[in-house]
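Trainee: Here it is, the structure, as structure tokens.
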Amino acid sequence: MAATSTTLLLFFLLQTLTLGSATVAADKKTYIFRINHLMKPSIFPTHERWYTSPSFSVSTLHIYSTVFHGFSAFLTAERAAALANHPAVLAVFQDRLRYVHTTRSPQFLGLRNRQGLWSDSDYGAEVIVGILDTGVWPERRSFSDRNIGPVPSRWRGTCETGENFPGSVCNRKLVGARFFSRGHDASAFAAGGVGGINDTVEFRSPRDADGHGTHTASTAAGRHVFGASLSGYASGIAKGVAPKARVAVYKVCWKGSGCLDSDILAGFDSAVADGVDVISISIGGGDGISAPYYLDPIAVGAFGAVSKGVFVASSAGNDGPTAMSVTNLAPWLTTVGAGTIDRTFPADIVLGDGRRLSGVSLYSGPAIDGQMYPLVYPGKSGGLPASLCMENSLDPKLVKGKIVVCDRGSSPRVAKGLVVKNAGGVGMILANGISNGEGLVGDAHVLPACAVGSDEGDSVKSYITANPNPTATLAFRGTIIGVKPAPVVASFSGRGPNGLTPEVLKPDLIAPGVNILAAWTDAVGPTGLDSDHRKTEFNILSGTSMACPHVSGAAALLKSAHPSWSPAAIRSAMMTTSNLVDNTLQPVTDEDTGEPVTPLDIGAGHLNLYKAMDPGLVYDMGYSDYVTFLCALEYEPKMIQIITHSPVTCPVKRPLPENLNYPSIMVVFEGAASVNQSKTVVRTVTNVEAAGAGVYKAKVSMVSGKGLAVSVKPGKLVFSPAVNKQNFAVTVTVTAVTAADDAGSAPAADYGYLTWSDGTHEVRSPIVVSRIQPL
């Protein structure tokens, strides 16, 4: 490193220690330091990299040099406290454990063979997609390099070898693979060997023992594979969104152990240094708390990536439909929620009184259709654990030879089926509760099983209560396509508003995330249970984890078709051309309520790549825009520098966070509404049409919002080859106070849309008006 300097961030990774036997390293923890090579050389008089000098004497875990300058180390608390007083230390914060957010979908996005974006982008052939996840099963046909050209010469990565992972498994398709485990190893050492990576099920290499990483990688960029299915379900040709794009895998998550911030940050650092164009990260916080951006390593790592031109897609989390459940909130991240596609896997419950109730299932073993079995609900007499079919909660005398009703929640859906099977049950009905509503996902259960919504579950339980000898059977009906309506916003998809900065709408958009077929590991069966030894090349999963790589693959296609577009321009093209209607041409609805969704559920809309190729106008942003936004949040310059890696000077007059040049518009009024309360936000659009000329006119349509007036000035934007950027202002004014406002029970947000149109393109942005009561 030259003596031109960065800043030294001390990033405390405080691990929970196990008491008693865990005394070996109980006085040590993992810390991450950020270095400032801009500081005067006298501060580091003996060594250019003072933290690697022999006199420093620390156990270095990772050294970061691309998205984040610094290192992580294993130190005593006393040593760390002494270093915290170093003049180059900016901040101290705690490491957190995070978790992954767990065929036909490309066509559902508007992609067609040999035409449109697939054709114009050559299927993403020269773009490299980096996947931060649980690794990869490289032998899958989805990662074959047959008929794929040479690896792009700009690629600087490597294929790290390790357990059952020779360098020969990488190829022209899977161009690189790395793994990061030092954070977990330090955590386990600090706990006296308790916890950490389970070497009985894991591979100390990029090989995927979990399946999640293989699934997300092939969803984003898996090549065409004929004869794909999960035991006959969803049979056909499997393909990723960018089938010719190259894949680089960064294993930062470990089966059963989660993902540590220190390893995630190392994954970001390596991916950008290696030369990826897109990063896909289906990972989020596991504690329901959104840390400030300067304390969030995903936000910090992603900022470093985006500032170097790398597009970063992230999952919105699976804690919906609760309001403010969306995760990955930084405005430089593209945050993706989940929707259904027009395919389902129906299964029916036939009750003894002849009623037929509809559900879903991916069960593929011996059928029980046509034979009636006794039906039992253990929760009727066994308490909460039995109602949830928790481990060791079922009495074999009660359930043997019967179909068992289990309530959803507290344990994995497929694990409940294993509990029922081990207790002697012949089948399972998995019933949603109120919190899950009617949202259903298919699972490859280990016994005949059918998942049903809350209403059908109540019907089954009522039938059991009303009949002394209730009976039922289960019927499995395979794969159905052409389902309507679709998409529907999945009930589990993370919802807004943004709990950290409400002036930025999150999620940004939704993409297919329910019952997605993609490649799978050979290390575990389709349920992911250690006891499931079935082998399958493909698996069907649901979650915003599955939605995120659809957008990553889409970004690869757009980057290939438009190499000069920034990450912000790519996101803008997706958002402003997204769909608000389903395949019945009606407004997209919420799986939880059945009602039309709002931008807090769907963001700008559902990804539509048929239109995203040619958006007309884009809302572009770069480094300086994000710095201004961080200043608007009133972060101290030292805190901002943690994110930006360079010193910043904020303007004397505080900017408005609403003025970030985002493709969606959030207007936040604080306190009770009052007549004539007004706020104006400013945006800049860039004409990306090849011709360079055009005239766009504004149209505002408010879906809800009595007592609000919205105006746009100017109402017409004129572009020419010499003028490709234009500014406009949106003013929202409260013109009347409704009875609901007076009563303090106004809805969380009103919304509508601003559309700029030149007669060919429609560039649409959601406008959301929110009222926040002071604490």
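Each Cβ is built from the backbone N, Cα and C atoms, and glycine gets one as well.
Model, not experiment: these values are computed from the prediction.
Got these off TrEMBL a minute ago, pasting:
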type     : residues : note
SIGNAL   : 1-22     : signal peptide
DOMAIN   : 124-583  : domain 'Peptidase S8/S53'
ACT_SITE : D133     : active site, charge relay system
ACT_SITE : H212     : active site, charge relay system
ACT_SITE : S545     : active site, charge relay system
DOMAIN   : 659-769  : domain 'Subtilisin-like protease fibronectin type-III'
Trainee: Calculate the distance in Å between the alpha carbons (Cα) of S545 (active site, charge relay system) and H212 (active site, charge relay system), and round it to a whole number.
Mentor: 8
Trainee: What is the total of other Cβ atoms whose distance to the Cβ of H212 (active site, charge relay system) is within 10 Å?
Mentor: 28
Trainee: Identify, in sequence order, the residues in the chain of D133 (active site, charge relay system) that are 6 or more apart from it along the sequence and have a CB within less than 8 Å of its CB; answer 'none' if there are none.
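Mentor: D133 (active site, charge relay system) has long-range Cβ partners V100, D208, H212, G213, T216, A217, V249, Y250, K251, V252, C253, S280, I281, S282, I283.
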Trainee: Measure from the Cβ of S545 (active site, charge relay system) and count the other Cβ atoms within 10 Å, all protein chains considered.
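Mentor: Counting Cβ neighbours of S545 (active site, charge relay system) within 10 Å gives 31.
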Trainee: Please give the average pLDDT for the domain 'Peptidase S8/S53' (124-583) in this predicted model.
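Mentor: Over the domain 'Peptidase S8/S53' (124-583), the predicted model scores a mean pLDDT of 92.
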Trainee: Summarise the domain 'Subtilisin-like protease fibronectin type-III' (659-769) as counts of helix, strand and coil residues per DSSP.
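Mentor: Looking at the domain 'Subtilisin-like protease fibronectin type-III' (659-769) with DSSP, the answer is 6 helix, 64 strand, 41 coil.
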